[in-house]
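A.B. asks: Here you go, one structure.
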Amino acid sequence: MANDDVITVAPSPQTQQVSREELTRNDDCWDFENMGSHLQVTHLDGTVTNVDRDALGTLFSSGSTRAQALASTAAWMSWIAPGNTSVLFHTNLPQSDKFMGSSIGFLLVGRLSDLYGRRWIILGASFLGVAGCVLGSFATNAEILIAANICNGMAAAAQLPLGIAVAELVANQARARTVALTTLPSLITAVLGTVIVQNNAPDGHPSQWRWGYYAGAFFAFFSFLLYLVFYHPPSYRQLNVAGKTQLEMTKHLDFVGIFLYVSGCVLLLLGFCLGASSYPSVGKEVIGTIVGGFAALVLFVLYEAFSTTEQPLMPPKVFKNVHFTSLVTCATFASTIFYVLTILWPFAIGKIFNKRSVDIAWFGVLLVLGATLGIFLAASPKLRGKRVKIQCVVASFLVVALTTPLCTISPGGHQRLIVLLGISASFALGYLVAIVITGVTFVWEAQDIGLASGVLGAMCSLGCAFSRTLFTLLLRKKLEEELTKAVLPVVLSAGLLPETMLQLGAVIREQATKNGNTNLTTFTSLNTTTKVAITNAIQTGYANSLRSIFLFIIPFSVILLIGACFLPDLDQFNPVKVARRMQDPNEYAPQNNGEAAEQPGLELSMLGRRVSATEAT
């Protein structure tokens, strides 16, 4: 006997007979209302659309996985390449341009691909990555590099495996594994390439950074070709059966929100770059640009919250989900902490422990290897086991416990212990990130995966851009204070000539902006004892500066731990559910709204109505 308190849907006659192929699509695990030939879905913004049943299922092309792996490698190459360019072009750019481009790209690619379909947006972003790497490989000044990095940043929205391109095409239980497999080639290439180039290219030679753009262009181009051939996700017609045309969809886009968000990111990028290059004298134009950028983003948030636009760029409802907000918080602060560690690590190894460029490259590789191990351990359900939420809380606690002792770094300290702490913290961060970037695609339905992943990517990119500028300026300020305190007494006691003191000060300031050890070999007038004393004083000044900077990481780690306490238990989500199904490019699909409307399906008014016991049986 049917329960009168339960609202069910009267089944369509078409769904009474289910073929073997339909069973493999796991329609019963979807929260959609069954409409026969198509399914009705409700987006976060309240928009109701009809999705072709053929858009769901398990057919998947391995060519798309290879394309994603190559694209991820291209994104890593374009991320590594700008590392040494600021010194070569005699600028002090904070390298926030790529992350600002990514923050724009993630949100636009994620949201628009939900509305229009993934294929052409992913292809367009991939081609933009090719153009960015080609532009960067032939750059002759900082302005061209900024343009190249912005292009690469926007392309990274499609290149990085955050669930938009490939992860949605596999079952829930395989998403983390897919992310890990597509990330592995990029990490291996980045690690080996960095070490090989540092061993063979002389310091300051353009090959130290151009190789990243060359390799990025190669991988981006072939990933574009593979996407073009193998990547055929559901088309716009299948995602909008008997719905709006593309022109009608475009008329209802949130153009005001897009303008406010893009203008805010661009103004912040200009402010960060101008502020870093003009430091310590920050002019009114820099302050005005930064304030204008923050004001534009505040207006964007207010507009999205109170506007009546039909399809907002970032629906406020997305943050009312506590689980989603906690996942985004953990991903943002975990990526920020790891990125700050990768910034400070070469500086710490070279300046405090006085290592060469080759040694710095090897020690930097260890952080990446630690994060990679964490990603792969989290990607395997057998190794990860159950109780994922508790594991994330433990991983976050380990980040707090492992990053706090870094504040005790000193020239005479235990180098191996510091390196071990950095590797262990990277492992915990990689483990946590692998879970949250796939978990964010679980808490919302398939029609909003792009939006969810886009918001996560945008927040992570903004966090990295802001932290890069913040920690760079803080480090410069602390270096000025601590180097003066540590070096000045030693120099005065050595009785150096005024000319020598001025030259020494210039060399110290120049070397403070570069990775590598302290080198005073050009001062032939100094005896060995004086050189050793000054070198030790410089290392002490560097250590005191970094200890203060590592203290600023602790609040980030604490917020990460608090966010992990509100994470959902990912074990509750259906492990065999597949969000989207790859399409045969030659397969039949509805050609127009009229043809689609003729296909049988339930009327909208029938959905959600009560059914009698006879109908229910």
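Here the Cβ of each residue, glycine as well, is placed from N, Cα and C on the backbone.
Features from TrEMBL:
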DOMAIN    38-501  domain 'Major facilitator superfamily (MFS) profile'
REGION    586-617  region 'Disordered'
TRANSMEM  120-138  transmembrane segment
TRANSMEM  144-167  transmembrane segment
TRANSMEM  179-199  transmembrane segment
TRANSMEM  211-232  transmembrane segment
TRANSMEM  253-280  transmembrane segment
TRANSMEM  286-306  transmembrane segment
TRANSMEM  327-348  transmembrane segment
TRANSMEM  360-380  transmembrane segment
TRANSMEM  392-411  transmembrane segment
TRANSMEM  417-444  transmembrane segment
TRANSMEM  451-475  transmembrane segment
TRANSMEM  549-567  transmembrane segment
A.B. asks: Apart from its near flanks, which chain residues at least 6 from the ends of the transmembrane segment (392-411) lie with a Cβ under 8 angstroms of it?
C.D. replies: 330, 334, 337, 341, 348, 352-354, 374, 418, 421-422, 424-425, 428-429, 431-432, 435-436, 536, 539-540, 543, 546-547, 550-551, 553-554, 557-558, 560-561, 563-565, 567
A.B. asks: Within the same chain, where does the transmembrane segment (549-567) have neighbours whose Cβ lies under 8 angstroms from its own Cβ atoms, ignoring anything closer than 6 residues to its ends? I mean 6 or more beyond.
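C.D. replies: Residues 322-323, 325-327, 329-330, 333-334, 336-337, 340-341, 344, 388-389, 392-393, 395-397, 399-400, 403-404, 406-407, 409, 432, 436, 439, 467, 470-471, 474-475, 478.
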A.B. asks: If I take every residue in the domain 'Major facilitator superfamily (MFS) profile' (38-501) and average their pLDDT values, what number comes out?
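C.D. replies: So the average pLDDT across the domain 'Major facilitator superfamily (MFS) profile' (38-501) works out to 80.
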